[in-house]
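As structure tokens, the structure follows; a few thoughts come after it.
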């Protein structure tokens, strides 16, 4: 009669992982990521169709995001295909994480960090300050390092049971990213708020821009915080990947939707107003195409330049004459 294993060995055996909590969030996260990837593809097509004369580095940035998001999406499809198809019904599928899961963190920060640096440059132009954009860029780079370290440590320790041990790296990555988003949103909102005047129609437009800025910044910051909270609160599940997989798409869709919100039929106009992202402002005057306007016109022009980036074309066209006249 075969001998039974000693009680100590039976007690030391780890409990079998819950398949639902293990692969359910992974599958839902991949599906949500795929949905947002489709939205991004549509917006990228709209961008290249509308803004054929946009600044080259803008177009290169969108192309870079398109390539990286495609790579990210392919990896996500691969990471759910491996355990559910290739290693289906094998014990190894419940123990070792998919190979394609390992580059997820670094791919996410390679998408989010350039976007954060781009918006930091926008803050630099709008506020004419260097200190705040420098701090924002610092947090963005810390997030980049945190994401790269997460990929490194997951590669070295790929078992699902070890994921709860990566607290310092994950917290550094996601909290610094959320802090960066909050600073970006706060600085832009403050800069727009202090420029509000006594013109009711203009203030109404600026209020719409402020709401748009808060909404886009809140989406990415909330996504990062929700990811890290789920990771800490539910260490024995993969629930955080429900937010983690589509996180990069939140950044890319927020940026490209803002780019697509600019007017695109006015490039044929002979009186294009300057854009807050493209021109330099100093001491109440604005230089555009070699000409300097007076302070009142500069203030009007500032509103138009902000609107051209943040709002729809109809709002910009309604204010465009004030940017080129001396009223």
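Glycine residues also receive a Cβ, built from the backbone N, Cα and C atoms like all the rest.
Some features that TrEMBL has for this protein:
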- 177-262: domain 'DUF6534' (DOMAIN)
- 20-48: transmembrane segment (TRANSMEM)
- 60-81: transmembrane segment (TRANSMEM)
- 101-119: transmembrane segment (TRANSMEM)
- 131-150: transmembrane segment (TRANSMEM)
- 170-194: transmembrane segment (TRANSMEM)
- 214-234: transmembrane segment (TRANSMEM)
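Broken down with DSSP, the domain 'DUF6534' (177-262) shows 69 helix, 0 strand, 17 coil. Among the stretches 60-81, 101-119, 170-194, 214-234, the one making the largest number of Cβ pairs under 8 Å with the transmembrane segment (131-150) is 170-194. Tertiary neighbourhood of the transmembrane segment (170-194): same-chain residues 105, 109, 112, 116, 119-120, 122-123, 126-127, 132, 135-136, 139-140, 142-143, 145-147, 149-150, 206, 209-210, 213-214, 216-218, 220-221, 224-225, 227-228, 231-232, 306, selected by CB-CB distance under 8 Å and a gap of 6+ residues from either end. Mean model confidence for the domain 'DUF6534' (177-262) is a pLDDT of 83.
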